[in-house]
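S.K.: Please find one structure pasted underneath; my questions will follow.
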């Protein structure tokens, strides 16, 4: 049975004379410190003594000596070597390259003057006096496409001898806004009746209806109507009558035959209201005996179209004009244009 040592020597105890062999290794020792109580001065003194010995051994080779108060410097170099000063060349006053080379101080001075000049121009110069050519890259990056679009719009306007289509005229003269809500935690079946309830009503009346409604989803509809009203007033300028004008009350007839008295043509009403089916959620219903049912809670949104009472007045006037035109067309019936038959030169009676 043999043993292999790290040095590669093999010692066989059998069939050889006994040889005493000790493998080579480095023997080192590490001082052991034991933790002592802070009240005993021996522990801190031992650590301080060990650091002092280590510091002395390091300072022996650097030319420094330790005194009573600590390490002291033996001396200081009297001369510090430095690189020789370099003399830069220069161009003559008559050189053609003298204008291209500017010293660093002149560069800083010119840069500072340019910044002050630009800052003064931006602060003091009015908008109409600014250089518009420098702003065209951002305002009009493709001038040819802009010109073609303007030409197309002009041709579209004069295609019918300058007459504006009825749909375009309505868009220009009447205001409207569409506002969609976030997803409510309710179903279409529960939110649909509330949408039909507020459709066609004045915005203030619809808010009042939702305020006193017993439905759970009415609270969400109330918040959405208030938000839609604020957005319509801020973005579209709806519900803001002109100062100094007192319009006369107008009594109109709605599509369903109901008569309505309008005192303010700029008041807001709900033209349309519909619900949108949203994504289904996920939930688990833990039942008895380890049964787990999967829940799919629905989400539904509400969309409303707000318009001013001017639209209702215009629609009523259009219906009245169409009805009047139909009545006038039925007053007289033109004789049929056909050939006269059974002509005879004698009386038939």
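Just so you know, glycine gets a Cβ as well, placed from its N, Cα and C.
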S.K.: Ranges 32-61, 62-91, 152-181: which does TrEMBL label region 'Disordered'?
M.R.: 62-91
S.K.: Of the ranges 108-130, 200-222, which one does TrEMBL list as region 'Disordered'?
M.R.: 108-130
